[in-house]
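Straight from TrEMBL, the features:
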{"type": "BINDING", "residues": "ASP51, GLU52, ASP159", "note": "divalent metal cation binding site"}
{"type": "DOMAIN", "residues": "45-268", "note": "domain 'RNase H type-2'"}
Amino acid sequence: MASNEDETTSKVTDLASLEQFLSGRDNSVNNLYISDIPNVCKEYPCLLGIDEAGRGPVLGPMVYGIAFCPQNEATVPDALGCADSKALNEEKRDQIFTKICETSNKIGWAVEVIAPNSICNSMLSRNKYSLNQVSMDAAIKLVKCAVSAGVNISHIYVDTVGPPEKYQAYLKTIFPAYGITVAKKADSTYPIVSAASICAKVTRDHALKVWQFQEELNLTHEQFGSGYPGDPVTKKFLADNCDSVFGYPQLVRFSWSTAEEALKEAYYVECDRADPEEAATPSSNTSITSFFKMTSKKSVVKTQHEFFTRRCLSRNVEF
């Protein structure tokens, strides 16, 4: 999956710089951010928590987050007020996130913002790539990112996806050197997971606030709501912004049943996909281009019509 993690990254030190980071990234691809690593997290064994935000909404990204601190500073997340992000209102979450940023000498964090169309393309691909696998891969990627940055991990705590025993065994095969605990409601049991939960939830909230429609829709986040299917504002947005040909803007997870139902009212388009094995040209066959005379003239570069570029449409098959 595409990612913008290699782009030059400005430091996130508060809510304003978080929004600056998010608004400066291409929201059609996945984006990763990791904070500066506290020296104590490099020197001493650390606890690392993992949780997500935005798994269920029909709009916007899913965000995976991690938080880490030394074992001998295990009370830091609790002291900062970290709790299950779903049990806190937005104002309280923002306040705690700000405190986490201000305590950068003892606690670090990272997030991956998984784009809506990335989720949908994964789930609807020929080789089935479930939301659970997308989630697990994001968690694994963040742990590896922390390790590469120098975090001295001792134990990993994870809010489960699917059966906790199975997930824990899977993670143990990938990270055999670490203690691993996968549990239901880990975000309300382990403060370091609560910290990860808050980082993920605050990032998702602000990603929606600064969302820029590549389809040139002039809408603010108040006009599409929380993204949850039961939200009346979200329902209205889905009803008002479904194009009969092109469907929904990239904010919408078109693989969700809520969106699929609405898309039934759109025009039906049939697309034949050749089997990759059948489409491959046998090496013994003569290429059709061999019958044409080569020329030294420079080829004319063809550009897409504005109609397609403004709608973020690209050609996947050459004619």
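Residue numbering: from 1, along the chain as shown.
Placed from the backbone N, Cα and C atoms, the Cβ positions cover glycine too.
Just so it is clear, the model here is predicted, and its values are computed rather than measured.
Comparing local CB density within 10 A for the binding-site residues GLU52, ASP159, the maximum falls on ASP159. Taking the mean position of the Cβ atoms of ASP51, GLU52, ASP159 as the divalent metal cation site, the remaining same-chain residues with a Cβ inside 8 Å of that point are ILE50, ALA53, TYR64, GLY65, VAL158, ALA186, ASP187, VAL193, ALA196, SER197, ALA200.
Sequence-distant neighbours of ASP51 (divalent metal cation binding site) (same chain, 6+ apart, CB under 8 A from its CB) are TYR64, GLY65, SER85, VAL158, ASP159, ALA186, ASP187, VAL193, SER194, ALA196, SER197, ALA200.
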